[in-house]
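Taking it in order: structure first as structure tokens, then the write-up.
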């Protein structure tokens, strides 16, 4: 599933490409799907699976750069889709000004352009279970084979996972298994829920899905509260003996991270862990458990 001979938009990872907003859809009270047009109906973005892009905009005289993972792929021609949560002013007490980039996007009109730059990333998912990673930006890619992907996501952190879930399940020759824990505040905040549950229904031996909510409704059959060590043990596969760390792990400061910001691949059992949105965890016990899990130091 590559772009083949289709014209590629992102020809150079250091070049900035202005793309117009051609469609905007309200997914929830604070989440939007932004569709940007590519140079022609035949163009693809040219983004390897596992990579992401940067958006750049000058806001109040300051250049603002933010990273996002498209939910569209190079199977889609003529456009690129981003699902983005808007951080409005005076909503969160710790961030009274809200998000500079997300509010800028919210105020864009159809036809307005914004700069794209990419591809960016250290993880590249090739064909079934084949991936390569750069532990550091300047290092050579290291190859790995995985048979089971363990994923943890919170809120719009689902987008890097969705990119991979779609890619794997669209390929009938890819039997890589996936297990996802998806954390949100309330049931109405669960993004792409219909699609995720359809994948779980149609690929029961390949994809398992588990939710946890801060404010669950009455009769909620999944978990509630922050992700815990027991939740990880119960709903994600265990690590193996040999572990490969994809990138630096800063457990004290890790916030909303990109796809490879906190991943580890266990070569012994062909396992890959991908963590996006570290804020969904609670307590020192879970932090220690997650650290041990990612480092493959559990006996269970």
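Note that the numbers count up from 1, one per residue, in the order the chain is shown.
Using N, Cα and C of the backbone, Cβ positions are placed for all residues, glycine too.
According to TrEMBL:
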- 14-126: domain 'FAD-binding FR-type' (DOMAIN)
- 66, 68, 83, 85, 88, 100, 101, 159: FAD binding site (BINDING)
**Message:** These are the binding-site residues: 66, 85, 100. Which one scores highest on other Cβ atoms within 10 Å?
**Reply:** 85
**Prompt:** Widest Cα span across the FAD binders 66, 68, 83, 85, 88, 100, 101, 159, in Å?
**Reply:** 20
**Asked** Mean pLDDT, the domain 'FAD-binding FR-type' (14-126)?
**Response** 95
**Request:** Report, as a single number, how many Cβ atoms besides its own are within 10 Å of the Cβ of residue 83 (FAD binding site).
**Result:** 21
